[in-house]
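Down below is the structure, laid out as structure tokens.
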């Protein structure tokens, strides 16, 4: 069981900055994120895009913002559970919480801060009738164990990096690899596109473009797919169909935690501390809603700061505390580091 | 600069006649959100960077539209429910020559 003071769900900019504000109050944090790396959308969707409205940064790349935040919170030694989605929450008699991930990792904390952005990133599923019937019966949206494709006939659909990379990878394992894409052009990295071209020329990948998988064939499991190219519709035998159309955020299991939801976001008390309808659970950043809400990183930072003050009072109801400026108090890390303003040297006038 | 009128058919099939400003650098996705014609969280998910297709719409009138960028074209190549008249709303900026534009929102992804 992982124990911490504030359990943060979502390691995007707001979640990361929460670690800093909590650290100033000597509160330890642990973050859960469904993605394999911290940074949320900034790292996953647009790391190379510039952001122009972070105060005091006329321009900063989203990826650099994440790197800076990671550096800023380093002294507070946050823990991470990455690549796992927060699945269930249980409130104990002492008003603390246990959050369990989809992989069974348990986390115990008196405070839960949901900083989940638009939700956890889940694979986009193509709108093929009955596709859900074949899930795990030959249809997989994520490749977990490439070995299951050994000596099998595989059809992959998609035009991005994951479709290209897995097509390349599986040529060494699968009996046959077919890549179906709606265009002749691919969105993936040039190296990958060139490699697929090379494998196609060697007859190791069958490329079917511009085309689309429109149906799945099979009684109890996938035995083939139906492919539409122009006016032609034909069947292609296969054991596995792997649609790789990237990821999209979904609120997911958090929607079933008993929290008040409005407009696909969690309602919070914005007059005080961004607490939800369940005391001890806060929602900050893009995941929350209140009158006048703006989904901006800078608003998330503000919300995280206020939320941490409230969390401190909740954990230590009898302690008095007043916010201290870092310029005055410095930053004392849990790692023993201390940052502080240099003392002014005053020369005496004789 | 004048406001223009745009006809937007939402995902339930209801058509709305909305007034759109041409001086706010707004795009069609933002216009749809400003009138709350699609549920928050189901449109403009990437914020308007042509990196998701949640603002896909079908152009129902024969207005001359700005040419599709490489990013928009490739995103539509991976979108679902795509038709010949599909465009990403976030890439269509509200300008006076879009007066009377008619669009229908594509279905939301599951």
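Backbone N, Cα and C define each Cβ position, glycine as well.
A TrEMBL annotation is a machine prediction, not a hand-curated record.
Together with A:14, A:33, A:41, A:46, A:121, A:286, A:327, the FAD site in TrEMBL holds one more listed residue from A:86, A:157, A:255, which is A:86. Within the model, the domain 'FAD/NAD(P)-binding' (A:5-291) shows a mean pLDDT value of 95, rounded to a whole number. In this entry, A:46 stand out among the binding-site residues A:33, A:46, A:121, A:286 as having a C-beta under 8 A from a C-beta of chain B. For residue A:327 (FAD binding site), the number of other Cβ atoms no farther than 10 Å from its own Cβ, over all displayed protein chains, is 8. Spatially close to residue A:86 (FAD binding site) yet at least six residues away along the chain are A:9, A:32, A:99, A:100, A:101, A:116, A:120, A:253, A:254, judged by Cβ distances under 8 angstroms.
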